[in-house]
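*Asks:* Got a structure for you, questions after.
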Amino acid sequence: MAKDIEAAPQGGEFSSKDYSDPPPAPIVDFEELTKWSLYRAVIAEFVATLLFLYITVATVIGYKHQSDPTVNTTDAACSGVGILGIAWAFGGMIFVLVYCTAGVSGGHINPAVTFGLFLARKVSLIRALLYIIAQCLGAICGVGLVKGFQSSYYVRYGGGANELSAGYSKGTGLAAEIIGTFVLVYTVFSATDPKRNARDSHIPVLAPLPIGFAVFMVHLATIPITGTGINPARSLGAAVIYNTDKAWDDQWIFWVGPLIGAAIAAAYHQYVLRASAAKLGSYRSN
């Protein structure tokens with residue numbers, strides 16, 4: 001197959017790409033249903049999301065218990081891991097789990113990431129739907145384990161559910177989720193871009209690291225607003241197990257916002273940053 005031609009600077013010559021983009025995934029691929037690799041990947045997404053929710057929600061519940069002034073009467077405000085520690089728990093677990101599952105399923109662990117990659121034709125519709133189902137079920141089971149192991153604290157400290165904080169409008173919460181998810185999905189596209197892997201091959205880039213840091217930074221910014229969703233499965237799992245009116249009333253924010261943010265990130269990466277070099281070269285030559 002002939003290499004694509006990339007536009008050169010003014011007065012220069014056109015040169016061949018030093019990287020190769022994978023072919024677009026078919027929108028519907030029924031043959032994929034006959035392959036064990038698909039089901040292995042779905043299981044990996046389920047287990048990874050289960051572990052993600054168990055560790056992170058347990059961290060949230062533990063922090064709220066340690067900082068409860070009725071429990072720690074001497075220095076409650078400075079007890080526990082704090083918001084910084086919660087952000088590290090979410091970002092660190094994403095780093096670990098993406099590293100562990102990237103070679104099996106791609107390490108999505110988030111319906112918004114899967115949706116963005118589907119829009120960019122990186123995964124088929126069938127794989128995307130099975131991933132999202134597995135992620136949601138894994139999230140529900142992970143939060144269920146937290147409730148089972150810490151039943152005396154789970155309901156008392158909010159169940160780790162995402163809810164819009166007092167003083168913020170729904171529009172503010174939605175914007176926070178859109179921007180936060182854009183940062184995450186944009187980072188996913190950039191960290192896994194074959195062009196970056198070829199051009200920056202002299203730099204030891206470990207893709208899960210920037211993805212984990214993106215999750216960490218977004219949590220620092222948006223925990224005070226929404227508790228930070230940017231992952232519909234994480235929000236759904238906590239809402240199902242906690243099951244209060246407030247958690248369900250705000251649930252739409254944690255689906256609409258991340259899906260919009262993922263779609264914008266996919267469009268930005270595919271049609272702006274990675275716009276066809278051949279088309280650009282044709283335009284310049286004309």
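Including glycine, each Cβ sits where the backbone N, Cα and C put it.
Feature list, courtesy of TrEMBL:
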- 1-20: region 'Disordered' (REGION)
- 42-63: transmembrane segment (TRANSMEM)
- 83-104: transmembrane segment (TRANSMEM)
- 125-146: transmembrane segment (TRANSMEM)
- 173-191: transmembrane segment (TRANSMEM)
- 203-225: transmembrane segment (TRANSMEM)
- 252-273: transmembrane segment (TRANSMEM)
*Asks:* Sort out for me which stretch, of 42-63, 125-146, 173-191, 203-225, 252-273, has the most Cβ pairs below 8 angstroms to the transmembrane segment (83-104).
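*Replies:* Looking at each of 42-63, 125-146, 173-191, 203-225, 252-273 in turn, the most contacts to the transmembrane segment (83-104) are made by 203-225.
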*Asks:* Out of 42-63, 125-146, 173-191, 203-225, which stretch has the largest tally of CB pairs under 8 angstroms to the transmembrane segment (252-273)?
*Replies:* 173-191
*Asks:* Near the transmembrane segment (173-191), which residues from the same chain, at least 6 beyond its ends, have a CB less than 8 A from one of its CBs?
*Replies:* 110, 112-113, 116-117, 120, 164, 205, 207-208, 210-211, 213-215, 217-218, 221-222, 225-226, 228-230, 250, 253-254, 256-262, 264-266, 268-269
